[in-house]
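Here is what TrEMBL says about this protein:
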type: DOMAIN; residues: 1-293; note: domain 'PUM-HD'
type: REPEAT; residues: 29-64; note: repeat 'Pumilio'
type: REPEAT; residues: 65-103; note: repeat 'Pumilio'
type: REPEAT; residues: 177-212; note: repeat 'Pumilio'
type: REPEAT; residues: 213-248; note: repeat 'Pumilio'
Amino acid sequence: MVKHQRWCRFLQERFEGVNPDEDDMIFHGVISHVVEFMVDTYGNFLMQKVMEVCREDQWMRILRVLVKDPTNFIRICLDKHGTRAVQKLIGIVHTREQVSLFMMALKTGVLELMLDLNGSHVIRCCMKTFGPQDNKFIYDTATMCCIEIATHQYGCCLLQYCITHSTVIQHEKLVSELVFNGLFLAQNCYGNYVIQYILELKIQAVISTIIPQFRGNYVNLSTQKYSSNVVQKCLKTFGEKDCSSIINELVSFPSFDQLIQDPYTNYVIQTAFIVSRGSLHSLVTKTSHRISQ
């Protein structure tokens, strides 16, 4: 019945205003199939309804069944239907015991979840709902595996969320580790977004770490599809002195005529033209005009 849309809706409606005897009867029919229903197209909606209306003792039974086998629990989190039901679960978990049980099971597959479309939604929901201490292992994993996560299609987005929602200490550790690998990440198809995001924070200590890595590499970075975006971000977020260094490095390149015709560097030069002021602006303008003549 649960795996058919019509009957699933019927059972969900039955949970509204049922008497205790009917409630127990439906619950006993559900509890032995919790894992199966959580990943079912229609069954996951019934589980969400059950979790909304069931008693505390029934709710604890559901939680214990789900976390009994951490491997199965992670599989549910990774499932396109299961992820919805688990996120509903997160919204209901409230006691210290419940949070502890949930997070212990989640901990067994946290990296796998962070690198998955559905799993990353579960991790994001945890960071939004639970406190810093409960989420500590998530931030520890993010810091320890930051390169793998930053260079992943889904991981790079989650990492930015981690940076935003971390404590001051967690933030410093994570950002420091990422910035230490700034030159590599800037050239990666996903990692470049993480570096751009960090640059937008305009933290002077971060900029001071980035500059020595990028210095002498701006021409190479500007000619690449992904890192050219990072160079543009540097021009928009760096101070005047550091912007001058970037621009001087570009315009003093012997083959500047080739650079200005490059499909990626061309955009970098345009950004330099927009952000530069005074004599520096004149230098960009004159050099560009000289080449185009």
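Every residue gets a Cβ built from N, Cα and C, even glycine.
Because TrEMBL annotations are produced automatically, they should be read as predictions rather than curated entries.
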- Could you give the mean pLDDT over the repeat 'Pumilio' (29-64), rounded to a whole number? 88
- Query: With DSSP helix as H/G/I and strand as E/B, how many residues of the repeat 'Pumilio' (65-103) fall in helix, strand and coil?
  - Reply: 32 helix, 0 strand, 7 coil
